[in-house]
């Protein structure tokens, strides 16, 4: 049965929330800090960045000299990796205040757009916009990271992800539409190519591993492209599991740019349901374990005449593992919160500028924005709970850290950002 085309109108939205601009407790922060001998955060001759606005961050890392595009965190150690427009990746600690600088990774030919540790924590995989992939091996318990291997198979990499459960495994997509999957040798860090796929005719814009709960004998990936195709792959054989084209989506043009895997708690144990969003506002929900059956297809926004076409672009998608909720974030600043049991919009949040990333965590929805803020909402009520402020340019990425168990001290969650002005800020989430 064909899915019904649905247009979300303002009448269908139960509640619209416009976040407040001010934060209750604005704490000014001295960004210059003190030059501590063992801090290694800033050289005396470096010019400090002046942030002329309120700032409620705990601390900061500012060694990048250009935009910070990517941020990743080690699965076990308090270690952050950030990648920037300065063609560098930096390692630094997430538990100390201020952060302790732990090393710089060099050898990139362009901006570093992905920093990802492997699931077991033994390797760090980074990628840049010149098509380079560098693999660093952790030594001395993760205190040192040594270059183990590198490759350059494509002109430009768009995305790279490590597998969440299979050790030493990663995949990436390129601007020529190609898809690649590799496994890292545990002993020496050398690379074994598992597959390469050449089905997409335009940029392979995003990828997501699926069926990650099935053990190490199942290695499957779904990718999407600006050419309106969505493809699922068996990464061990390189075979296509299915391919969705414009014909399967009513002939609509859908330059896909975002992908998100639904948690099994929402899908009765099916770990192959994904949502895919396009840069013209089309949303598709697909069952990858049923030949790519389309469960839902809709246009999420009706643009006003004065709006730009890209205002409808779905930049980020996130599913709640606790409630029947899914959120999508648009370039126009709207966040639509869907009730996944009925595919109706339960809430609409309106931010001041483009949404860059969404993340559910327990009862909360976190959203980063080009206005330089990260918002914390109560996912069920839509109530704004906290706003991270301190950037004077956009937040391009962020991670959320949970307190380490059994430390004996009461700790709070932390938001760590990747800022367009070259700074990462560390925030403590008060509740």
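Cβ coordinates come from backbone N, Cα and C, glycine included.
The repeat 'WD 1' feature in Swiss-Prot is assigned to 63-102. Taken from Swiss-Prot, the feature repeat 'WD 2' covers 107-146. Swiss-Prot lists 149-192 with the feature repeat 'WD 3'. The repeat 'WD 4' annotation in Swiss-Prot covers 199-243. The annotation repeat 'WD 5' is assigned in Swiss-Prot to 309-348. Annotated repeat 'WD 6' per Swiss-Prot: 350-387, in sequence order.
Summarising model confidence by region, the repeat 'WD 6' (350-387) averages a pLDDT of 97. Residue counts for the repeat 'WD 5' (309-348) by DSSP state, with H, G and I taken as helix and E and B as strand, are 4 helix, 23 strand, 13 coil. Outside the repeat 'WD 3' (149-192), and at least 6 residues removed from its termini, the chain residues within Cβ reach (under 8 Å) are 107, 110, 113-114, 116-120, 122-123, 125-137, 198-209, 212-213, 216, 219, 221, 223, 225, 227, 231, 233, 235.
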